[in-house]
Amino acid sequence: MPGGKKVVGGGSSGAAPTAAAVPSGARRLETSEGASAQRDDEPEEEGEEDLRDGGIPFFINRGGLPVDEATWERMWKHVAKIHPDGEKVAQRIRGAMDLPKSPEIPQEKPIGQRSEPQAQVLPAQIPIPSVPTFQPSTPVPERLEAVQRYIRELQYNHTGTQFFEIKKRRPLTGLMDLAKEMTKEALPIKCLEAVILGIYLTNSMPTLERFPISFKTYFSGNYFRHIVLGVNFGGRYGALGMSRREDLMYKPPAFRTLSELVLDYEAAYSRCWHVLKKVKLGQCVSHDPHSVEQIEWKHSVLDVERLGREDFRKELERHARDMRLKIGKGTGPPSPTKDRKKDVSSPQRGQSSPHRRNSRSERRPSGEKKPSEPKAMPDLNGYQIRV
């Protein structure tokens, strides 16, 4: 991860489980709200963790869209397992012939029916949310409300199968392509998908800073994980996101400090009897949709219990200062993009080095100034690309 990771108050990071330990067709990802079977002190690695939804592992659709037959059958078996009505609800839905269809989606034959599919396109009965568009004069807070309203209209995914596979180590450009597919398909999403979608829909707001905030909580013998997209506009903090609970998703940019925002989430968790254990804070995400940089998901990892209340608040504000300093410097090289072709080791046009006086050791005995040697190019470690 660019910039490394700072662990405060304890915590550990370890290797991901081997591929042999992953069930066929399943994907172990730290992506969404859900209880994890592992102990609190076991290694954690983002993107490689067995997630559980209500104590039962949920699956990831790795085959893309449209959903293949194996994933489709596995999803229905999982629905029958986790729904109170069991297989009855699956049979009732799959056997129904009069279900409404989405616009421009041809009617498909029910699973198991051998007759030829009809080419008829049924009337639009399921509304498809419209991607928000903005006038240049639209204030950023109003844009954020529209983005959150769109995310909410997609609805939370209760099926137990996440439709879009989010690989956290993918370059930003790949994740933005996936977000574009989300808007096209308009399927229900979970919290990590909402974060990627929030980044995509706010790329056109250069005055808005975005960074991921992850939560780990404990309730009734299980650990739950959730993630939102923190935002900063005009020195005020807020968040975009998706959750089953209203107070664990959207927060308008009205909080004076980052600690106030995080503590508001902690209060929301306490209202549903969850105890906040860890908070992971990432760095600001580039607004360049073609950047091949990776999102830094865990720049700071804060252990709430080991830090104590006052130190926890101080570390949150320290992370906020780190983000402001990184933004304020603005001296680093531009984010590399997939379309960049020129040699990064060559100086850019119009680039000049700062004026520097010649020291006495650089003067010749005759008093003439010694010609300055060409200055070495700085280490452009920002161009180290990890895909």
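A Cβ is built for glycine as well, from the same backbone N, Cα and C atoms used for every other residue.
Among the features that TrEMBL reports, compositional bias 'Gly residues' is placed at 1-13. Taken from TrEMBL, the feature region 'Disordered' covers 1-57, 321-387. The compositional bias 'Low complexity' annotation in TrEMBL covers 14-26. The compositional bias 'Acidic residues' annotation in TrEMBL covers 41-51. According to TrEMBL, the feature active site maps to Cys191, His226, Ser243. Per TrEMBL, compositional bias 'Basic and acidic residues' is recorded for 359-373.
Each residue contributes its Cα atom, and for Ser243 (active site) and Cys191 (active site) those atoms are 6 Å apart. Counting neighbouring Cβ atoms within 10 Å of each of the active-site residues (Cys191, Ser243), the lowest count belongs to Ser243. Across the fold, the C-alpha of Cys191 (active site) and the C-alpha of His226 (active site) stand 7 Å from each other.
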